[in-house]
Amino acid sequence: IFWGVILGVALWLRHDNQTSSLLMQQFEGQQAPNTFYTSVYILIAVGAVMMIVGFLGCYGAIQESQCLLGTFFFLLVCLFACEVAAGIWGFSNRDTISKEMINFYDAAYIKSVDVVDSSSKTAAIKVLEVFHETLDCCGKGDDSPLFKQVAGALCPKKTQDDCLRVGPYPLPLKDLFSEKLCLIGLAALVVAVIMIFEMIFTMVLCCAIRNATPVY
């Protein structure tokens, strides 16, 4: 059941409306950076594999099989090592996700305030409209004439005054992904702790079965 909950959390993060709406955007043939999904996919893989491996451990415990329990322990060690490696990767790239998304937004923003109308400008405005609606922000907090000309299109649900009062980008974006990454980190920490206890209990059970086996 526990591993099903972890898998459920990972799937929720993958299909969360806020992150999905942002990461699905495309501009000038480029998809929005999806480095965030790498950590989510790792969590999904760990949850799915552990559900299968968990049945192996339960069956080995019921059958009191040292072979099955030994295999279960080995698989746990491998998964734990993979999770530690993924944790190190996630820690070293914790700022990469926000930076990539900020760069993607900036490229679209520059094009959206271009004085020359074009298909790229229209596409950029649509991308920024999704960003602003999802993050409840509008522009970068400036009141330049170029921004005022397109503010109505970039933030159709906000007035001109609202565009200057709401929190400027990119703070809402950083907050969004920081919150999601903290949730992923918490789930990964819980998984790691459970794995450690499972490895300890597996070794204790293996030793108990071996000691209880009669020697002829």
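Any Cβ shown, glycine's included, is placed from N, Cα and C.
Automatic, uncurated: that is what TrEMBL annotation is.
Here CYS155 is paired by TrEMBL through a disulfide bond, and of CYS137, CYS138 its partner is CYS138. Of the listed disulfide-bonded residues, namely CYS138, CYS155, the sparsest CB environment within 10 A is found at CYS155.
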